[in-house]
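Here's the structure, in structure tokens; my notes come after.
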Amino acid sequence: MKNLNNYKSILYISLLFHVLAAVFSTGFQHFDEHFQIYEFLNFKLGNIPSSNLPWEFREQIRPWFQVFIYFLIYKPLSIFGVESPFVFAFIFRLFTSLFGLFALTRVWPLIKIWIKGERYQLLTWAMLNLTWFVPYIQVRTNSESFGISFFLWGMSVFLLAAVERKNLVYAGLFSGLLFGFSYLSRSQMAFMVAFLWFWGMFINKSGAKLLISSAITILVAIGLGVLFDYWGYGNLTFSTWHYFRTNFLEGIMSSVKQYPWWWYFRLALNRGIHPVSLPLIIVTVWGWWKLRKHPLTWATLPLFIFHCYVGHKELRYIFPIIILTPIFCGLFISTYRDKIEELYKKKWLRGIWKFCVYVNFLFLIIATFRAANPSVDFYKFVWKSEIKTLNVHGENPFTMLGLPLEFYKKKDLVINEVKSFPAEGEHYLFFNKGRFVKEMEKHTRCELIYLTYPKWVLKFNIGNWISRSRVWSIYKCL
């Protein structure tokens, strides 16, 4: 009972952080999260032409499964009068976050199998839920987060059946469908799915019932993916083939900066928090070497090798691996628990452990309450304001990477690009550089109504940093 209570306590705390992240972690972590999800959805809603979409639409490499799920959420809400894109974005984040948390709960039975001792099981469960980056990754409405949630659920069903040798056909059919949906979310998840299936065949000897039934529904899901892509693109196509064609046959990404194979170690260390990321990197590499027959090794290592091979590297590509690193940490601690318990008696080690825990919770709070992209606050301000025409001096705030950003834009909002201040009369001016904040102080007829930073920050203009910064501001001039 104590075990169950502690499990629930950790779950409730995790639930709190997942919900808070959905509320406060607004915006997108990467441009693809916006343009290949929200703008694709915007296109299917009939709000923008396909010419506004990124090249991935033209080349038909983006699977439509995730967009279709959000479309099913959007339509009923719009019927009941929901109009704000920020409300829809929040609901998408909340749905994705809670689904991710549900997927984590499916891993708990596996933790009880893999980790010896109640104390270490709960420690692993706590790390899986409360390592600082987990709610942040889970709440992202990108394909990586969506794909890993389906994979974790499918992995649990598949592995429990493989271990217990029960309900093999049902488990195979259901896990295969979940694996297929994981692949439909992000094509690269095929590596995790395929090699976990190979683990069942070669290591676990799971048997024909589980393997064949799961393979059948994986193929069914792939077939459904063709239908989802037909719904999105308007013609029969196979997005995975086009991904392979454009990236590996035509080398469309060759113009993007390429990195050496070891770059992910540097990325994970630098983008992470050293007292947390360094131990997780070490224990994951340890797990890949020491636990070569473990299903987690089979699921994660091939995906990592693939992304090391591909020259263009982004940390989000290995989110499906990163989310599982706390389990590798639990496996490491469980394996060497006697030595660790002996060392833990030493004051210096307890001090290091407490320091890492405090640092983790500090950044858990920061990652939960910090916007992924603060520009959304600007879009929300404009959406709620009376602004009908915005005179833009410099960079258009509703354009990123040369693409129009329409999802958060009011349909009746007019953008005028200006090189000099408009004539007399009421109008709204937008600037994208901090130096204009100082220049506009002499224009007494113009009132500052929006600024990226709180106004009091301007008082600390040490070294004139504001003039060099990307500071968005709006002035109402009379």
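Every residue gets a Cβ built from N, Cα and C, even glycine.
TrEMBL entries are annotated by machine, without manual review.
Sequence annotations record features per position, and here TrEMBL assigns transmembrane segment to 12-31, 87-108, 120-139, 146-163, 169-198, 210-233, 272-289, 318-336, 348-369.
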The transmembrane segment (169-198) and the transmembrane segment (12-31): do they have three or more Cβ pairs under 8 Å, with pairs 6 or more apart in sequence?
-> no
Is the transmembrane segment (146-163) packed against any residues at least 6 beyond its ends, judged by a Cβ distance under 8 Å, and which are they?
-> 66, 96, 99-100, 102-104, 106-107, 109-110, 113, 138, 171-172, 174-179, 181-183, 185-186, 189, 192-193, 196, 200, 204, 206, 210, 214, 295, 299, 319-320, 323
Can you name the far-off residues of the same chain, 6+ from the ends of the transmembrane segment (272-289), with a Cβ under 8 Å from a Cβ of it?
-> 131-133, 265, 296-297, 300-301, 321-322, 325-326, 328-329, 331-332, 355-356, 359-360, 363
Using a Cβ-Cβ cut-off of under 8 Å, list the residues of the same chain that are 6+ residues beyond the ends of the transmembrane segment (87-108) and lie near it.
-> 7, 11, 14-15, 18-19, 21-23, 25-26, 38, 70, 73-74, 77, 125, 128-129, 134-135, 137-141, 145-146, 148-150, 152-153, 155-157, 327, 376
